[in-house]
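J.: Just lifted these from TrEMBL, have a look:
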{"type": "COMPBIAS", "residues": "167-176", "note": "compositional bias 'Basic and acidic residues'"}
{"type": "DOMAIN", "residues": "72-165", "note": "domain 'CS'"}
{"type": "DOMAIN", "residues": "150-224", "note": "domain 'SGS'"}
{"type": "REGION", "residues": "40-64", "note": "region 'Disordered'"}
{"type": "REGION", "residues": "167-187", "note": "region 'Disordered'"}
Amino acid sequence: MATDELHLDAQELRRLLEFTNRPNVQDQLRKAIEEIEERLAQSKPAPASAGPSDTDVDSSKTKSGHGFLPVAKIKTYGWDQSEKFVKLYITLKGVHTLPKENVVVEYTPVSFKLFVKNLNNKNMELIIQNLAKSIDAKGSSYKVKSDEIVLSLKKADSGSWSALTKSEVKAKEKPPPKFNENEDPSTGIMNIMKQMYEEGDDEMKRTIEKAWTEGRNKSAAGMY
């Protein structure tokens, strides 16, 4: 396969990686990216591009009282649980210095949204939908600590959760998509995305559909 095609495949996977917050899916996408990068390394080296890097946040633009600030999707967090609560730990340097009103959390019985306004000239958000089980939105809360936000999600029913989201529960029940190092990279990518689409929830399906559409549009534009 031509080097240009491999670069396009890698970009497609990185774009999909930017849309998903699910650790198991991220691991499989990163593995596929690594496989392609190894093949690129074995071919004639090309000048380094200034494309997106694999960071912990994804940035887009949004208007705020401070002008246009980037919105960063929070990808890194930890979580644990007790009999009655699920707790998430989000490390954000300097968050404790913000005014109280700059941290907003919204809860529903199956999701939550954390939004942090103007932290180091960025807005930041963490949105998790389709929680593994229902929560008591009114009984849930959060605390801002030194460089950290702790979310306490009150379980609607006491007991243990096997994962944080329904998608992660399904992922644990089925073997993850495999990237065959001996097959054509494009075929491997399509197989991974097809399996993710078939097994994913509505949000994952929309994410993959968007990635496919953007990929087709970019390919069509390159023909002219």
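Heads up, the Cβ atoms here are built off N, Cα and C, so glycines get one too.
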J.: Across the whole of the domain 'CS' (72-165), what does the mean pLDDT come to? Round it, please.
T.: 95
J.: Counting each residue once, how many in the domain 'CS' (72-165) are helix, strand and coil under DSSP?
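T.: Computed counts for the domain 'CS' (72-165) are 6 helix, 52 strand, 36 coil.
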